[in-house]
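Worksheet: one structure, shown below.
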Amino acid sequence: MDSEFFQPVYPRHYGECLSPVSTPSFFSTHMYTILIAIVVLVIIIIVLIYLFSSRKKKAAAAIEEEDIQFINPYQDQQWVEVTPQPGTSKPAGATTASVGKPVTGRPATNRPVTDRPATNNPVTDRLVMATGGPAAVSAAASAAASAAASAAASAPAHPAEPYTTVTTQNTASQTMSAIENLRQRSTYTHKDLENSL
């Protein structure tokens with residue numbers, strides 16, 4: 001009777017209360033979301049690296065091409081031959097270029113001697129202003145003619161066939177404006193290239 005009285009009384013679900021309840025971790029509940037986010041980030045990084053490298057290659061190629069053109073902007077236009085007009089021929093060693101393209105390195109003996117009046121020459125105009133009279137002009141013209149004749153006598157003889165050359169009177173202002181235009185064009189191209197990066 002005492003044993004019945006002192007028998008322990010267990011509450012209901014006592015075993016369930018003693019078993020540890022494990023709460024699910026954050027990674028286990030959001031595992032698929034985290035994996036999808038990682039894959040998307042890796043894909044975005046790969047695409048950005050590819051775009052940056054291709055743009056860098058294009059910019060490097062453009063800079064290299066621009067540097068080559070800046071070193072020698074007329075490298076593909078130097079000795080451009082044109083077909084002679086019918087009935088004309090060129091002497092040996094003479095080169096003619098198409099209009100608008102520069103010809104560099106021409107020998108001085110290939111330049112034709114023109115008989116323009118002395119007043120059209122800026123050098124003799126300065127001589128007239130310095131000496132003050134047409135007598136000085138005639139003296140300067142005769143000295144220039146004798147120098148041209150001696151240079152023509154010492155120069156190798158060319159065939160007598162006529163040939164056509166385009167002669168332009170180049171002044172210092174024209175040369176400076178051409179250099180300034182080239183400099184502005186190169187600067188603009190470099191700035192445009194830097195802005196495109």
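Even glycines carry a Cβ here, placed using N, Cα and C.
As recorded in Swiss-Prot, the features of this protein are as follows:
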- 84-123: region 'Disordered' (REGION)
- 139-154: region '4 X 4 AA tandem repeats of A-A-A-S' (REGION)
- 163-175: region 'Interaction with host DYNLL1' (REGION)
- 139-142: repeat '1' (REPEAT)
- 143-146: repeat '2' (REPEAT)
- 147-150: repeat '3' (REPEAT)
- 151-154: repeat '4' (REPEAT)
- 32-52: transmembrane segment (TRANSMEM)
Item checked: Positions whose Cβ lies under 8 angstroms from the transmembrane segment (32-52), at least six residues beyond its ends -> none
Margin query: Considering every residue in the region '4 X 4 AA tandem repeats of A-A-A-S' (139-154), what is the mean pLDDT value?
Written below: 58
